[in-house]
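Q: Right, I'll just put the structure down here and ask away after.
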Amino acid sequence: MPDEMIEVPCPICQKSVPWINESTFRPFCSKRCQLIDLGEWAAEEKAIPSDTADFAMDPNMSDGWSIK
C-alpha cells in the first residue's frame, strides 16, 4: 500500500484537501466551502444534466407521491 496521501482540490476554492477520515468536510476544505456549494444547489445554480427534465412540467404525469 502506498504511503502517499491522496489530496483533492476543494470544488469551491481549489485548496488542497487530504483524503483522510480527519478531513471532516471532504471534498471541501471547510464548512464555509461546503455551505457555499449547498447554497448553489439550493438556488438551482447547479443541476445534474438530464434529457428527461420535462417530466416535472407535465401535470398529467404522476410522480407517485402526490395526493389527489
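Note that Cβ sites are derived from N, Cα and C of the backbone, with glycine treated the same way.
Here Swiss-Prot flags Cys10, Cys13, Cys29, Cys33 as Zn(2+) binding site.
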Q: Just counting, how many other CB atoms are there within 10 A of the CB of Cys33 (Zn(2+) binding site)?
A: 19
Q: Quick one: of Cys10, Cys13, which of the binding-site residues has the smallest count of other CB atoms within 10 A?
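A: Each of the binding-site residues Cys10, Cys13 was scored; lowest Cβ tally within 10 Å is Cys13.
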Q: Which are the residues of the chain, Cys10, Cys13, Cys29, Cys33 excluded, whose CB is within 8 A of where the CB atoms of the Zn(2+) site average out, their centroid?
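A: Everything else in range on the chain: Pro11, Ile12, Gln14, Lys15, Val17, Phe28, Ser30, Arg32.
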Q: Should Cys33 (Zn(2+) binding site) be counted as helix, strand, or coil on the basis of DSSP?
A: helix
Q: Which residues in the same chain, at least 6 apart in sequence, have a Cβ under 8 Å from the Cβ of Cys29 (Zn(2+) binding site)?
A: Cys10, Ile12, Cys13, Lys15, Ser16, Val17
Q: Under a three-state reading of DSSP, tell me whether Cys10 (Zn(2+) binding site) is helix, strand or coil.
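A: In the DSSP reduction, Cys10 (Zn(2+) binding site) maps to coil.
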